[in-house]
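Participant: One structure coming up, written as structure tokens, with questions to follow.
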Amino acid sequence: MEGMVNRSTYCNPTIAIRSSGRANSTCFPASVSILGASFLLMAIIVVVSNLVVLVLVFTNKSLRKSFFCLIVNLAIADLMVGLLSMPLHSLGMMVGFWTESKIMCSFFVFADCVPMLASFLTTVAIAKSRHAIVTVTEESKKGNRRRKNIVAVLTVWTISIVPYFISITDLEPIELHGVNSCMASPASSKVFAIFFTVFAHHLPSALFLYHNCSILSYVRFLERHKVRAYLSSTTTTTTTTTTTTTTTTTTTTTTTTTTTT
């Protein structure tokens, strides 16, 4: 009927952009609203839980071990994800298109990718520290591990931030399926997208696999060594007991012979 408005079309931001040049920001599909609200709830949980971790670490001296700076760094990176990345994703998901400038697009990519990459690399550094604690000898453990962990934290943020600043001039809103979007993709910045893919996915996965397999192999080696040592000590004890019993029997026989004589 002429003059009637299709509400599903009216509530679809993408179709609204194509038809009128702007989206209706007050009407969202129920599924999109629920998904956006779920993201915001998850963001609140992430922020609160990481704040609790930071408070516990800084108020409890027993938790300030040599690797506590890695735990703090991981909590800070995850806190940035909860404060910046997840809310911006929720907003973009609910609105359906990018409404801000190129500068805000660059900030969005920073808030989305850099803390996430720092979080991934920090977990790799924690895995490496755990691997060193388990497998390194006592002589090597006497070194300044806290200084090494601080260097690891600086390396993590350097690897996370430098590629972003290298490619910041290429990050800008792009047209995706007829809708203005903002994302770090090969279409917007090949350097950042490739670097992020390697350091956020392939490299952490490979390092996690290496460190965990090394720890498992070392633990199995220790177990086999302990079993062999236990069996060796048991055999030695049995041999000693048998020798002692034989000597006692010989002494008793000699004493009996002397008495008879």
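Just so you know, the numbers here start at 1 and follow the chain as drawn.
Using the three backbone atoms N, Cα and C, a Cβ is placed for every residue, glycine included.
This is the feature table in TrEMBL:
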- 49-261: domain 'G-protein coupled receptors family 1 profile' (DOMAIN)
- 238-261: region 'Disordered' (REGION)
- 34-58: transmembrane segment (TRANSMEM)
- 67-86: transmembrane segment (TRANSMEM)
- 106-127: transmembrane segment (TRANSMEM)
- 148-166: transmembrane segment (TRANSMEM)
- 191-210: transmembrane segment (TRANSMEM)
Participant: Given pairs 6 or more apart, does the transmembrane segment (148-166) have at least three Cβ pairs under 8 Å with the transmembrane segment (34-58)?
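Facilitator: Between the transmembrane segment (34-58) and the transmembrane segment (148-166), which are separate recorded stretches, there is no contact, as judged by 3 or more close Cβ pairs.
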Participant: Output the single range from 34-58, 67-86, 106-127 maximising the number of Cβ pairs under 8 Å to the transmembrane segment (191-210).
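Facilitator: Per the Cβ under 8 Å count, 106-127.
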Participant: Other than its close neighbours in sequence, what residues sit by the transmembrane segment (34-58), given a CB gap under 8 Å and a spacing of at least six beyond its ends?
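Facilitator: Distant contacts of the transmembrane segment (34-58): 28, 64, 68, 71-72, 75-76, 78-79, 81-83, 86-87, 89-91, 93-94.
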